[in-house]
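Visitor: Just dropping this structure here.
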Amino acid sequence: MEEHSVGPLVPAVVKPDPSKNFSTDTTAAGDAFPVPTMSELDKDFLCPICMQIIKDAFLTACGHSFCYMCIITHLRNKSDCPCCGHYLTNSNLFPNFLLDKLLKKTSDRQISKTASPVEHFRQAVQKGCEVTMKELDTLLLLLTEKKRKMEQEEAERNMQILLDFLHCLRKQKVDELKEVQTDLQFIKEDIGAVEKHRMDLYRARDSGLASSPLNLRGGLSSGSHTKKNDGKSQISSHGHGIQRRDPISGSDSQYINQSGLALVRKKRVHTQFNDLQECYLQKRRQAADKPQGQQERDTSFISREGYSCGLDDFQSVLTTFTRYSRLRVIAEIRHGDIFHSANIVSSIEFDRDDDLFATAGVSRRIKVFDFSAVVNEPTDAHCPVVEMTTRSKLSCLSWNKYAKNQIASSDYEGIVTVWDVTTRKSLMEYEEHEKRAWSVDFSRTDPSMLVSGSDDCKVKVWCTNQEASVINIDMKANICCVKYNPGSGNYIAVGSADHHIHYYDLRNISRPVHVFTGHKKAVSYVKFLSNDELASASTDSTLRLWDVKQNLPVRTFRGHANEKNFVGLTVSSEYIACGSETNEVFVYHKEISKPLTWHRFGTLDMEDAEDEAGSYFISAVCWKSDRPTILTANSQGTIKVLVLAA
């Protein structure tokens with residue numbers, strides 16, 4: 001109640017004695033004495049029952065005042081005074097005219113203190129104050145002049161606001177113009193550099209000097225792309241048994257008219273023009289901000305006259321983005337067991353040399369296949385070269401990147417097992433997790449170390465030379481995925497059901513190095529594209545790319561559907577692939593937020609294709625190192641080998 005009355009009143013210095021009748025003092029003292037604040041007066045004017053200013057005051061025989069309705073309502077239930085407990089009935093109540101009069105005067109005085117001069121004048125006129133015509137003319141002149149000044153001041157304020165806005169807008173547009181002029185200068189320089197290099201290529205071709213694929217490049221900026229081409233030279237046309245080997249591209253592009261291929265690639269550019277434009281300008285500006293010495297030290301930059309580092313980077317992006325437009329099936333395995341209805345493939349992984357790949361899922365078996373045999377032998381019934389039975393359903397696999405015969409698994413009982421593929425026996429079994437273990441990963445820098453994450457909200461680091469975990473990280477939410485940084489055994493990324501990615505330095509686990517936020521639901525997968533680039537997948541139907549060196553978000557990818565299942569995530573140096581709950585595989589270029597291409601899993605019975613597309617989902621995906629070949633599996637138990645094609 002005090003807050004309601006404190007404000008325009010002057011604070012009191014002396015607090016009045018409640019036992020004294022202060023009504024005469026407050027009205028007679030005027031300005032000669034400090035006036036008690038409304039908060040202090042309120043304490044005596046409050047009804048003891050409702051604790052509000054007394055309304056329609058009534059006095060009891062024992063000398064206490066209440067609101068009439070408050071005391072009447074009280075006496076309906078009890079026959080005593082709420083203040084002193086003295087016996088009391090309706091016949092002992094009397095109107096307190098003095099208190100009502102005092103309350104009215106106090107209220108009027110408060111209103112008069114807070115009222116504006118106009119309100120005082122209005123009240124005076126309403127009360128019949130005598131005013132002459134001359135006085136009214138004078139007041140009207142004063143009011144007219146006051147109105148004119150107020151309108152003038154309002155107009156000046158409005159003009160100042162408009163002027164400030166225009167200045168701000170001009171500054172913004174000047175900055176934008178400078179940025180556009182700078183971008184135009186970049187484009188002009190790059191057009192000149194590209195035209196010059198193109199003429200050099202024409203001269204070299206005419207003179208017979210251009211013999212290297214690197215000199216005739218349409219964007220081959222690193223050796224990684226050459227590796228991708230090698231991968232395609234091994235694949236055959238599935239279902240026809242016809243080998244198509246192309247030492248340069250590894251695809252059937254040599255059978256496509258080159259001019260037609262160029263038109264198709266131009267169409268892809270126009271389809272994603274806005275994203276490509278943003279990518280070009282970003283890389284060009286970043287390169288311009290780099291010191292010249294740093295550009296020269298950049299080992300990935302191939303120096304050509306007039307070429308900037310940013311232009312070279314963008315050419316690589318443009319080439320790798322437009323090179324492929326579809327996913328082509330080159331092999332298929334019906335992985336499902338006819339005697340088991342549960343055929344979901346939870347994990348599919350290549351070994352160290354990409355010779356073998358292993359699958360695992362709810363069928364409680366790890367199956368290892370020979371990749372070359374699967375691709376080159378025209379049969380639908382491919383048998384695994386190794387098969388190992390487990391006690392529980394499996395959630396994840398991870399090959400040891402040094403010991404070719406070692407593979408780790410995690411299962412629904414929380415057990416992490418290290419297997420010897422050669423002997424088909426388990427080497428180590430770790431049973432410390434209390435609930436389902438979703439993820440396991442071998443370190444790329446230390447072959448004896450592996451990490452796992454579980455529904456028990458714990459991340460555990462294991463050593464194959466020890467029977468117990470060597471590091472234990474307690475977290476607040478379920479762990480969905482864990483991954484070692486490929487460049488260091490000290491750093492791990494942890495995806496959690498709290499929607500965040502926790503990046504830890506294992507040398508200090510008291511707190512994460514950084515927590516990446518942005519996903520709206522649980523983070524189901526984390527994968528490293530490089531030492532500094534981390535991709536994540538979530539059941540919010542997005543993928544995200546992060547810079548773990550600068551601790552910054554880079555890009556968000558949308559196009560697939562993922563709201564409840566583990567649909568797989570795999571990365572290469574340039575591409576990111578994931579599954580979808582629409583039974584499709586999606587491929588993204590890491591620089592473009594929209595899908596590059598996608599492939600829908602078909603069924604043997606085409607009449608049920610639409611129904612099954614809603615029933616099944618992609619459950620696992622894996623790139624073949626840095627090549628355009630990808631292993632995919634769905635919840636029906638079907639495995640397909642896909643390659644990116646023009």
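Just so you know, glycine gets a Cβ as well, placed from its N, Cα and C.
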Visitor: Among 133-190, 307-364, 423-480, 539-596, indicate the range for which TrEMBL gives the feature coiled coil.
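Guide: Matching range for coiled coil: 133-190.
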Visitor: Which residues of the chain, 6 or more past the ends of the domain 'RING-type' (47-84), have a CB below 8 A from one of its CBs?
Guide: 1, 90, 92-96, 99-100, 103
Visitor: For a three-state summary based on DSSP, what are the helix, strand and coil counts in the repeat 'WD' (516-556)?
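Guide: For that range the per-state counts are 0 helix, 24 strand, 17 coil.
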Visitor: Please report, as numbers and ranges, the same-chain residues at least 6 past the borders of the repeat 'WD' (430-462) whose CB is under 8 Å from any CB of it.
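Guide: Those are 395-403, 406, 408-418, 468-484, 486-489, 492, 494-495, 504, 506, 566, in sequence order.
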Visitor: Counting each residue once, how many in the domain 'RING-type' (47-84) are helix, strand and coil under DSSP?
Guide: 8 helix, 9 strand, 21 coil
Visitor: I'm checking region-level scores; what's the whole-number mean pLDDT for the repeat 'WD' (516-556)?
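Guide: Across the repeat 'WD' (516-556), the average pLDDT comes out at 95.
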